[in-house]
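Below is one structure, written out as structure tokens, with a few remarks after it.
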């Protein structure tokens, strides 16, 4: 269970958030998970964790955005070279503020409770990139709350590329647009945008079998989606992807009562080529690749009040915990079956 200390329940938003903010400032960071925070606060939080937990936390800049903002990730690890890894990202679409919020919330849970985490959580290396579109995210705070794309200038009145149509697997296909004014503009070529390119470069710098899961948080709709998104096709291991996604959905329903719909991206929502999850599956060969669309189902949509952050944090952590446990236990169960066979 997630410790209640991380999400105070003895007060309501706007009644004690100021006191919490003061306490957080004294401890070295400002994040409260009772408000949406700007990029600077999120990056400062990562720096704080690296200073506070140097044995397990490391900050790395994997590249820079178009407007030269750092693409900052946090690595959490017990330092064992034999570990496999899990990648988590958020904020690919600027207006989906709940996405960076749940990513930083997951980070907080893992770091603050590291010694008490089950072994299946501590035996992975975690790479978390909560704001993959920092330029768009800042623009959505300062200028246009519903901004979706990055801030690529085309020399015209329609800036931006949809980063989740810019990844280099089946780029340019269904659900994408060649029109720069479209919300789903795919860019001039695969990985034309540094924000997408540097994710691919970083993950590709590791041996193929390093990453066991790729989890990309978005909003909204309450879905757990898996490849393929580019077309109405099934992966050869769809049964495995579906089973694990349904386990995560069932865990959420049991813990919070919230229902998540599970299925392949194209068949469950709509085809969309050039997505990060398809690239993670098709090129990086990460078996368990998922896009998680957080709440709600449409009452507030992208304009989700900050009062909904905590409940979404719990559901997001449930997804991560369930998927991690299943991957680790599945590996162990296969080993046990082999040992049993060998020893009769």
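Glycine too: its Cβ is placed from the backbone N, Cα and C atoms.
The annotation active site, proton donor/acceptor is assigned in TrEMBL to 293. TrEMBL lists 35-327 with the feature domain 'Peptidase M14'.
If you draw a 10 Å sphere around the CB of the residue listed as 'active site, proton donor/acceptor', it holds 23 other CB atoms from the protein chains shown. When pLDDT is averaged over the domain 'Peptidase M14' (35-327), the result is 97.
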